[in-house]
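Here is what TrEMBL records for this protein:
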ACT_SITE  Asp313  active site, proton donor/acceptor
BINDING   Glu116, Arg204, Asn256, Asp313  divalent metal cation binding site
BINDING   Asn206  substrate binding site
DOMAIN    114-371  domain 'SMP-30/Gluconolactonase/LRE-like region'
REGION    16-51  region 'Disordered'
Amino acid sequence: LITFRLLDHRGVHGTMKASLTSSGAGRTRQPGVGPVSTTALAPPPPSGRAGLAPRCQHSMMPSGLPTSMRFAICPPRARQLLVTPPAHPSADVSMATSQDEVTVDLALEARCDLGESPVWDGKTNNLYFVDINSRTIHGFQPETGEHFTIKADEPTGTIVPTNDPTKILVATQRDILVVDVPGRKVTKQAIATTPKEHGTEGFRFNDGKVSPSGTLLIGRMSNKWRKGARGRQYRLDPGSSTLVEVMSPEEVHLPNGIAWDGAKGVVYFIDSSTEEVRAYAADEQGIMRRGEDGALSWRTVTHRPSGLATVPDGMTIDTDGNLWVAHGESGEVTCYHPESGAVLHKVPLPVQRPTACTFGGRDLGDLYVTTRVETGEGAHKHHGGLYRIRIPGVKGVAPAYEYAL
């Protein structure tokens, strides 16, 4: 039994239930909704890969359903649900099966032009994220529904929680600034500034996070990255005011998503321009480590070339060590196995342009996804919103790590 639930930000607006029964080779039929075709997907990965979950072998698309409700649904299998995204859904849709239930709902009507860099502050139970182009910091308390914004003077690349519950950091074009949260203002206090020789005009900070050991790892990008202009990756140690270059323009193009697996001594990193998710050997501070020859040690987790059409953007990690990646323009969030790069889950969104994701909520069981503006006839009415995905048994490792002021 499959239940489709139509959702918007106010809750369930309707349901449709149908039993799938066999009615011939390669086809099944749902009473009242028309035929369902079965199409083979890629074969499962070879056996013997430790911890690698099985993949779905078939998809079934109810062709009689409205376009906004069409999903490719794998046979029910706990936590092994692979879903292909709808083209442009007209409503928020979640899919439930008798064994597993994945829900997607609009958490906040944020109306972002370029929503990015969501982080969960465990001290305050606030979700922070930025609207880069609108130069705005968003704070959202899911339990109470409280939502506030703080305006900045420059594009806002990322948010960093600190050990002071009244202060966060925001990275702008060259500066990392202290934000007075109760006062709702970005102060002029810069804890670090990039060197002028690393570029001023046309550059800004992008994704950045604090490692489990307390060091800030943050990237800076060029607005002309599609024309070949390259960025840098920096570290900022606690108590320091000096941004130290970790990766040069020869080693990174568009620095983006970051996640850590401390048990493996690995920092995962996305270079959006090369469309790669990489695993780097990390030092004791969780920063990319160089060998005796001065070279970085890394491998490719996954490379999904799309001609820069659906580049990997923000990323987070769950308690199983799997990587959740928001692919821009794809309409989906994809979960990858960290060793093989196999696709374990695909969760469709009702919008086409996800940007980044993070786990939040008191039990870290909610996957929050930021999105960006859509234009044209097919634009979804909740584009630029903050979405929440719930997948039973899937949780984040920890709230955002804090930078010590």
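Note that Cβ sites are derived from N, Cα and C of the backbone, with glycine treated the same way.
The record gives Glu116, Arg204, Asn256, Asp313 for divalent metal cation. Within 8 Å of the mean position of their Cβ atoms, the other Cβ atoms in that chain belong to Ser117, Ile132, Gly157, Thr158, Asn206, Asp207, Met221, Ser272, Gly314, Thr355, Ala356. A C-beta separation below 8 Å, combined with a sequence spacing of at least six in one chain, links the residue listed as 'substrate binding site' to Gly157, Thr158, Ile218, Gly219, Arg220, Met221, Gly231, Leu254, Pro255, Asn256. If you measure from the Cα atom of Arg204 (divalent metal cation binding site) to that of the residue listed as 'active site, proton donor/acceptor', you get 16 Å. Spatially close to Glu116 (divalent metal cation binding site) yet at least six residues away along the chain are Phe129, Val130, Asp131, Ile132, Gly157, Thr158, Asp207, Gly314, Thr355, Ala356, Thr370, Arg372, judged by Cβ distances under 8 angstroms. The number of other CB atoms found within 10 A of the CB of Asp313 (active site, proton donor/acceptor), across every protein chain shown, is 27.
Considering only the binding-site residues Arg204, Asn256, the Cβ with the fewest other Cβ atoms within 10 Å is that of Arg204.
If you average pLDDT over the domain 'SMP-30/Gluconolactonase/LRE-like region' (114-371) in this model, you get 97.
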